[in-house]
């Protein structure tokens with residue numbers, strides 16, 4: 001079913017051993033495999049593949065997602081990292097997983113992604129856009145303009161920054177910042193102010209369909225996509241966020257996932273024994 005497969009992995013001993021086993025299993029079934037560490041991705045090579053196997057944690061998954069901007073490749077997540085909100089527990093041997101994938105014995109979860117445009121430069125993201133003051137430790141003013149078929153609103157506040165998150169991204173930075181946890185299947189835009197001076201300012205949830213959100217900062221600001229700094233914005237420079245039809249297609253073997261268990265377990269605090 002998949003003649004060309006890219007394996008993206010976190011360069012740890014455990015992940016490397018898993019990648020070897022996966023690569024051998026795909027090769028024995030006649031699939032061409034190319035391997036990349038998460039820090040050494042080549043987007044042009046990845047966009048020509050039909051299947052991307054992500055071996056690592058949520059950070060590796062996000063890196064792979066940011067590389068897959070236009071391709072319709074499927075993603076197969078195999079967990080061996082720390083955080084695992086995007087991953088399911090491994091319940092079968094790796095060669096059996098490969099066998100099921102190549103035989104088409106899986107279901108597809110469509111993760112909605114949002115699109116952010118800075119002028120004519122647009123890209124999609126899976127978790128969140130973060131706009132923060134470039135002067136860390138000092139608050140500044142932020143502006144949010146919301147336009148939907150039934151809403152036209154403008155909100156201004158002072159704080160550390162603002163997040164514009166997708167439904168899958170609700171379990172990430174948004175959740176740590178006090179935002180809501182929502183089902184990743186929904187196509188939503190979640191706006192969460194970061195440490196606002198206005199104490200009664202709650203997160204805002206909007207449908208992504210026919211919605212655009214314009215965010216800007218009164219001072220210079222840093223723009224992050226999925227935790228990666230992309231640019232420094234000038235005073236008042238706007239970023240426009242909207243829904244997109246660019247979904248991330250993730251392979252699953254069960255129709256339903258335990259979202260709360262996945263998210264809470266990946267964030268559980270453990271103390272080493274003394």
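Positions of Cβ are set from backbone N, Cα and C atoms, glycine also.
Keep in mind that TrEMBL annotations are predicted by a computer and have not been checked by a curator.
Small disclaimer: the values here were computed from a predicted structure and weren't measured.
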Per TrEMBL, 58, 59, 63, 127, 128, 138 bind NAD(+); matching candidate in 88, 160: 160
Among 58, 128, 160 [recorded positions], residue with fewest other Cβ within 10 Å: 160
Same-chain residues at least 6 apart in sequence whose Cβ lies under 8 Å from residue 63 (NAD(+) binding site): 8, 38, 41
Three-state secondary structure, residue 128 (NAD(+) binding site) (per DSSP): strand
Cβ packing number for residue 127 (NAD(+) binding site), 10 Å threshold: 28
Residues 58, 59, 63, 127, 128, 138, 160 binding NAD(+) per the record - widest CA separation, whole Å: 30
Other CB atoms, at most 10 A from the CB of residue 59 (NAD(+) binding site): 15
